[in-house]
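Data block below; observations after.
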């Protein structure tokens, strides 16, 4: 019969799993909490270390799958059955770093052993971001935006260095569970030293004195409550061109009236949200003429989100941003590079265009594009000082999706203004300092104003890209090779 001690240990093991699973449900997504994000991996890893490898992996995969379903349910527009399958796959992938740690860390010990879990976690995050149609959506680093000073590390390592510290904490504290007697824990010491250095860098990056920089007032519009979501709502059919044209003109009347107020309030750059101007294909010349007249009259730059609907009902729409100068020139059009899966729009060429202005070099991407750091890095390499992001969200992903874009500013070393029709509009400088924000669900139609610094700088991440993710992958390979060598050495010595 099992002893009382064994029963107590078994109950403790499952209690630890339960604590980890509950915390994991609040570690990411729409209910994210920084504290839960840090403690959940520590509990789950403790459970795995107390369990046989395969059964521990299976139980952890189940916990991760349930948490994935809970954390993003409603945020991703997907039927529950399909979402459940996706969550199950995510759970299996999420448990792999725990299994690798269970197999390799005891053979390596100390600091090397503690690095298996974080290097595996970052490698997994990076590889899945390359293959996922959702880019870096769900990356653990985004939760750390509320952790003081740590997000600034993204200017050096990108998301990957920020995401590294949470699983490293989980593995570093395992030694506290494994020994009853107090003793030195080199892994925890190494973690503490590196976290202190990272936070020290964050403090320097955020608070170090910098030369006075020129600013420009930027205005971001969001969808007024008086405007419908789509311009053809209320029209009997696609063939009713008169109704659709009148609706397009009414939208423009409202948008230009709000933009006029913004210009009178000192805005020199005005950003319309994604799909603000909406019209059938033949209407675009009228819109362009009005936009040119407006920018000439008010001496402003206008970045106009626009949705063009083709005549052919089977063809894809064009989701773009059109940039007009104070001289009335259409400087360039940027077509959204990466459509959200299922979005019926054409995909752009993935090239970030720029425009030199008296207020620095501006660049434009659209909404979902900002979930892909490569586009932000492209903007940084092209010398962008101010990145403008027309966007459109929905309630379930607000404010999460808007806050994610702050990392693009930190990574790229530029100021960023996001103008959202339904969701969070946010202005931030290159250090991630919020200059203003507005939730359109709380304040529909409110214009966000911000005086934006316009001198960008080249960051380590912009220059060298995802080097930290590569370093983690190489380190993981070396650690696993070391664990295999250690296991074989022990077997040969036992013979």
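Placed from the backbone N, Cα and C atoms, the Cβ positions cover glycine too.
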### Query
Any idea which of 35-55, 56-76, 119-139 is down as transmembrane segment in TrEMBL?
56-76
### Query
Given 158-177, 218-237, which one carries TrEMBL's transmembrane segment label?
158-177
### Feature transmembrane segment in TrEMBL, mapped to one of the ranges 446-466, 467-487
467-487
### Task
Could you check if the transmembrane segment (83-104) is in contact with the transmembrane segment (184-204), meaning 3+ Cβ pairs under 8 Å among residue pairs at least 6 apart in sequence?
no
### Query
With the transmembrane segment (467-487) as the reference, which stretch in 56-76, 158-177, 184-204 has the largest tally of C-beta pairs below 8 Å?
158-177
